[in-house]
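Here it is, the structure, as structure tokens.
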């Protein structure tokens with residue numbers, strides 16, 4: 001009975017792994033049929049006896065589940081958009097350019113979900129069940145702004161009706177429950193705001209984990225250069241003749257380069273000059289970064305002074321100075337960094353990593369400086385608002401009727417002001433990106449194409465020629481844009497919707513631009529082995545954008561007149577209130593116990609210990625891995641040498657041989673200097689290149705229990721150290737006699 | 001779903017879904033592609049398992065394969081007779097192995113078969129030379145070709161017989177970071 005059950009299980013497993021078997025299709029179909037018949041026949045038989053109905057029910061449910069999962073998978077694949085477009089791009093440009101578009105599509109999916117959450121749980125209830133526009137002060141455009149509220153220029157800057165709409169934080173009412181269903185809007189707002197981060201975090205980590213498995217375990221860079229070049233350099237996705245030609249040329253070049261590398265000796269470099277140049281380059285770049293941070297701070301302060309003065313007679317430039325300066329910095333600095341980096345003379349892949357790191361530091365620095373400058377202003381205004389609040393309350397007690405008119409004349413909600421600035425920045429960033437593509441790629445391509453007829457040198461082959469698609473720049477831009485969206489989503493619910501639109505248009509626009517104006521890359525360097533480099537960057541950006549939001553939730557007390565948390569001391573008081581009033585008493589008790597420091601400290605301690613333990617475990621595995629590699633290497637070399645009838649080049653084996661009975665009576669021969677530290681695959685004269693064994697050192701961890709050298713005494717007692725890698729592994733060798 | 005298609009029975013479609021990495025819609029689409037290669041030869045009704053094979057010349061003209069230097073070897077590796085004549089089953093099998101969802105080990109097996117030009121289950125020097133010449137369109141000098149093949153064998157050969165067995169090849173290719181992304185055809 002048991003055996004039968006096992007057989008059924010086995011057959012089921014065979015069916016599940018059928019597609020992974022390297023069999024001919026016919027054989028698979030035959031095996032599938034057999035296995036399915038077997039399972040059906042005997043599953044019925046197993047169901048005899050007690051629990052037969054239950055077993056039959058379980059089996060039926062399992063079958064339904066499989067069918068449901070399959071239908072769902074089919075549905076999901078059918079829903080994936082833009083498959084044709086991406087395939088087109090792939091066949092023309094190869095897999096690395098297409099990876100950007102695949103990343104863009106993934107972002108679009110993520111943003112759709114976030115938008116769904118925000119819209120369904122926050123915006124829709126407020127629109128449907130909340131108080132309509134105009135009923136309370138925070139939802140109305142103030143009297144003095146009303147004449148211009150519908151102007152396009154004002155709307156474009158998110159003032160006017162836009163500012164007082166559901167797109168921004170200020171519109172939401174702080175009533176505890178709204179509408180018929182008693183929907184708790186403030187609570188929902190807070191939870192959705194936090195949930196957005198939680199969901200994004202989960203999705204990013206899940207994707208990273210999935211990619212990590214594909215990355216291939218870490219073989220050394222130099223181990224398989226030629227083999228990998230030979231077997232993995234052709235991109236099977238290429239379907240376009242031009243691209244194929246390009247690829248042939250680049251593969252040939254790459255082989256020639258590797259051959260030259262192998263045959264050349266190490267260049268006699270002036271190390272000091274190189275180091276000095278690198279230090280100089282880094283110094284220049286750091287001063288650039290510092291300068292750009294200071295410039296932004298200065299410009300933000302200036303714009304606040306402009307805002308204090310009369311609004312009407314400011315030029316467009318002065319009004320949008322901040323965005324203009326930030327976009328300019330984002331455009332000018334990366335090429336500048338690249339030029340400075342020429343001093344450093346790194347291998348292209350390493351240079352690419354440095355470049356990406358520096359661009360990252362630039363964007364991050366700019367963004368945080370911008371935020372700090374704004375926060376400074378916010379704090380200053382909050383101070384003044386506090387004094388207004390005290391006097392207002394006094395007035396409120398005295399003149400109830402004048403309450404609403406008083407509000408119409410004061411500057412409400414500083415946070416709203418900050419958020420509007422932020423949103424303007426994001427929008428201008430998007431505009432600049434699109435403009436850059438238009439000018440940098442399209443106009444350039446058009447001029448090269450048409451001016452070529454009447455120009456003295458060949459514009460297409462020489463300068464400026466057609467542009468290549470800048471993968472890393474675009475991916476970074478996308479990541480930073482997402483970071484800004486995450487930062488702003490809590491205070492401007494409409495921002496996520498805006499981002500969905502942006503990603504959608506980006507997809508079509510960039511697909512068109514790349515097919516129309518770009519040429520395939522001449523040389524392809526990936527920044528990392530798997531896509532995890534960019535995912536890791538995204539994760540970092542997620543955490544960094546979480547910080548300001550958490551800070552404001554925890555420390556800033558909300559304005560007392562706008563937003564869903566007005567009236568509370570701190571924003572998270574909404575949650576406390578709900579726990580106290582709506583949930584049964586014992587849950588409140590549980591929370592009080594759980595947030596007791598006496599409980600939290602041991603929990604944190606436990607997590608730290610777990611981290612330490614897992615770290616030690618992983619180090620242990622890595623060491624075991626290295627040992628295994630060494631063993632394989634040694635075995636391989638031994639085989640080779642045996643076939644070539646050479647003496648062993650392995651130090652350990654040599655020492656072992658020396659320790660053999662008759663040899664040990666003679667003094668040890670003076671060896672030629674065989675330094676075990678030769679780089680693997682180091683260049684030697686001539687075509688025959690032999691890899692030196694660099695791993696010949698004995699196991700450094702174990703103590704050497706006896707020194708090598710000539711020994712006295714009868715051969716019978718001369719028990720050498722244990723065979724195998726690493727001498728003295730058995731602690732405490734044979735005792736001396 | 002209820003798409004009333006008459007090309008395959010439902011059991012056939014389910015069986016294909018179990019044996020390949022494709023969904024129902026993709027299998028039907030693949031049949032469309034197979035059919036349009038030779039509309040007069042390929043029947044629209046596959047419910048009776050017709051015995052129809054398309055020759056190599058038709059298949060390597062597909063846009064996905066046309067520019068691939070190894071297209072002949074790819075089709076030959078998946079054909080039962082070794083001459084490149086593919087039935088629909090083998091056609092689906094080929095694209096299933098080359099699809100995104102196939103695991104590394106499976107791809108390594110077929111990659112080995114593809115690069116084994118003389119079909120002796122070893123990648124000997126001649127195989128490597130042919131591979132290299134196809135990759136570079138014979139732009140390298142004979143000495144350079146010799147050097148590269150020699151180095152490749154040295155790097156990957158574990159048992160020291162001067163040619164690459166499947167174990168050697170697999171050990172080398174599964175660590176390659178680019179293998180999965182380049183050994184991929186999207187259909």
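Cβ coordinates are placed from backbone N, Cα and C, and glycine is handled just like the others.
Automatic prediction, not curation, is the source of TrEMBL annotations.
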Which stretch does TrEMBL mark as transmembrane segment, out of A:440-464, A:565-589, A:590-614?
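Based on what TrEMBL states, transmembrane segment spans A:590-614.
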Looking at the candidate ranges A:511-532, A:533-554, A:621-642, A:643-664, report the one that TrEMBL labels transmembrane segment.
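Checked against TrEMBL: transmembrane segment maps to A:533-554.
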Does the structure show the transmembrane segment (A:484-505) and the transmembrane segment (A:187-205) touching, where I'm treating 3 or more Cβ pairs under 8 angstroms (sequence separation 6 or more) as a contact?
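The answer is yes, given that the two segments have at least 3 Cβ pairs within the 8 Å cut-off.
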For the transmembrane segment (A:187-205) and the transmembrane segment (A:533-554), check the count of CB pairs under 8 Å (sequence separation 6 or more) and say whether it reaches 3 or more.
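Answer yes, regions in contact.
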Report the mean pLDDT of the predicted model across the domain 'TMC' (A:421-528), rounded to a whole number.
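Per the prediction, mean pLDDT sits at 82 for the domain 'TMC' (A:421-528).
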For the transmembrane segment (A:279-300), could you work out the same-chain residues 6 or more beyond its ends whose Cβ comes under 8 Å from its Cβ atoms?
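Sequence-distant neighbours of the transmembrane segment (A:279-300): 321-322, 325-326, 329, 333, 336-337, 340-341, 343-344, 358, 361-362, 365-366, 369-370, 372-374, 377.
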